[in-house]
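These notes are about the structure you will find just below.
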Amino acid sequence: MGWLDKKKPTPIKVGINGFGRIGRMVFQAICDQGLLGGLIDVVAVVDMTTDADYFAYQMKYDSVHGKFKHKVATAKSDPKLAEADTLIVNGHKILCVAATRNPEDLPWAKHGVEYVVESTGLFTESEKAKGHIKAGCKKVVISAPAKGEVKTIVMGVNNSEYDSKTHNIVSNASCTTNCLAPVVHAILKEGIGIEKGLMTTIHAYTATQKTVDGPSKKDWRGGRAAAVNIIPSSTGAAKAVGEVLPSTKGKLTGMAFRVPGADVSVVDLTFVAARDTSIQEIDGAIKKASKSYLRGILGVTEEELVSTDFVHDARSSIYDSLATNQNNLPGEKRLFKVVSWYDNEWGYSNRVVDLLRFMASKA
């Protein structure tokens, strides 16, 4: 990601609305990238509670990603601290703010917050997300697919389209789109092209699913117990690639299977190439991209790895070179399958941070 080397963004004041899985992972990525208190000043985090001790506990211990690598203190653990609603991470103060049904009521202006990471999953529509702007911030990054007048950005693919003057609310798309889009981008950019394709993501279960069978009005199968079922589900990730790569609009669609895994997912893309090609050419194109214009975003594995081997991998997409396949009759060279892994929590959260840094560099 050469833009990081060319220009360092000035420090920005950030608020995180929603301190669940992605909110905490984004915060941890900020810390792990060495940005906290420097290039990024996290002023406040928002959730249902303002209990700093509980926030500290959630950060320090994680069932998937292990122990937090940074020093955390609260008034309870450090008698010198007076504020019960304040976290101290690596010596940096972060205010714990109570959640609200209306983002317009959040104290962004009071605390000088410029950028908000909207990670509640509740305010993904442009009109709702505008509440953060009305509350005093300048930019909003939605950590989910968004609806309305929202620019969707996938780092490494279409971030050059970001306009700091007009794009005040942007979406970081979904974790699956962040995995699929770089692979598709490489296939297009290297001249192979895609005539049409079907994507399946075999996806780890998420917080929206049930631990035991329960009611689900929208998706009956989605109400079944997550840890003991393979659950077919819908996803707009493939179609969303058309938003960031317009030449693929209408050419890709797909579905998801939620499986009994706590983290790491995999994309299976079966496509008809726009011209005759080969496994070797497709493999070479993706490897070339991983070493150049998609370095740090698109990776490659040539080992016989499984899902847990990609836990805490910060890349958006890791192409499985050994899994590339084809089904072509004699004289045909256009039907292929490619597979790419992704840590749907950690890789995605690192792209949210990269997007923040990129936006700041253009301010």
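Each Cβ is built from the backbone N, Cα and C atoms, and glycine gets one as well.
Taken from TrEMBL, the feature domain 'Glyceraldehyde 3-phosphate dehydrogenase NAD(P) binding' covers 12-175. According to TrEMBL, the feature NAD(+) binding site maps to R21, I22, D47, R101, S143, N344. What TrEMBL records for S174, C175, T176, T206, T235, G236, R258 is D-glyceraldehyde 3-phosphate binding site. Per TrEMBL, active site, nucleophile is recorded for C175. Taken from TrEMBL, the feature site 'Activates thiol group during catalysis' applies to H203.
Features recorded in TrEMBL, as mapped to the structure shown.
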residue : record                                        : Cβ neighbours (10 Å)
R21     : NAD(+) binding site                           : 21
D47     : NAD(+) binding site                           : 22
R101    : NAD(+) binding site                           : 9
S174    : D-glyceraldehyde 3-phosphate binding site     : 21
C175    : D-glyceraldehyde 3-phosphate binding site     : 28
T176    : D-glyceraldehyde 3-phosphate binding site     : 27
H203    : site 'Activates thiol group during catalysis' : 23
T206    : D-glyceraldehyde 3-phosphate binding site     : 17
T235    : D-glyceraldehyde 3-phosphate binding site     : 22
R258    : D-glyceraldehyde 3-phosphate binding site     : 24
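With a 10 A radius on its CB, S143 (NAD(+) binding site) counts 29 other CB atoms from all the protein chains. Taking the mean position of the Cβ atoms of S174, C175, T176, T206, T235, G236, R258 as the D-glyceraldehyde 3-phosphate site, the remaining same-chain residues with a Cβ inside 8 Å of that point are T201, H203, A237, A256, S265, N344.
For the pair formed by G236 (D-glyceraldehyde 3-phosphate binding site) and R101 (NAD(+) binding site), distance between Cα atoms is given as 26 Å, rounded to the nearest Å. In terms of Cα distance, the binding-site residues that sit within 10 Å of N344 (NAD(+) binding site) are S174, C175, chosen from S174, C175, R258. Among the binding-site residues I22, S174, T176, R258, the ones whose Cα sits within 10 Å of the Cα of H203 (site 'Activates thiol group during catalysis') are T176, R258, in sequence order. Counting every protein chain shown, the number of other Cβ atoms lying within 10 Å of the Cβ of G236 (D-glyceraldehyde 3-phosphate binding site) is 16. Taking the domain 'Glyceraldehyde 3-phosphate dehydrogenase NAD(P) binding' (12-175) as a whole, pLDDT averages 95 in the prediction. Between the CA atoms of R258 (D-glyceraldehyde 3-phosphate binding site) and D47 (NAD(+) binding site) there is a gap of 27 Å.
Site extent for D-glyceraldehyde 3-phosphate: among the recorded binding residues S174, C175, T176, T206, T235, G236, R258, the largest C-alpha separation is 16 Å. R101 (NAD(+) binding site) sits 25 Å from C175 (D-glyceraldehyde 3-phosphate binding site), taking the CA atoms of both as reference points. When other Cβ atoms within 10 Å of the Cβ of I22 (NAD(+) binding site) are tallied across all protein chains shown, the result is 25. The two recorded residues, T206 (D-glyceraldehyde 3-phosphate binding site) and R21 (NAD(+) binding site), have Cα atoms 9 Å apart. Within 10 Å of S174 (D-glyceraldehyde 3-phosphate binding site), as judged by C-alpha distances, no binding-site residues are found among R21, I22, D47. Using CA atoms as reference points, the binding-site residues C175, T176, T235 were checked against D47 (NAD(+) binding site), and the closest is C175.
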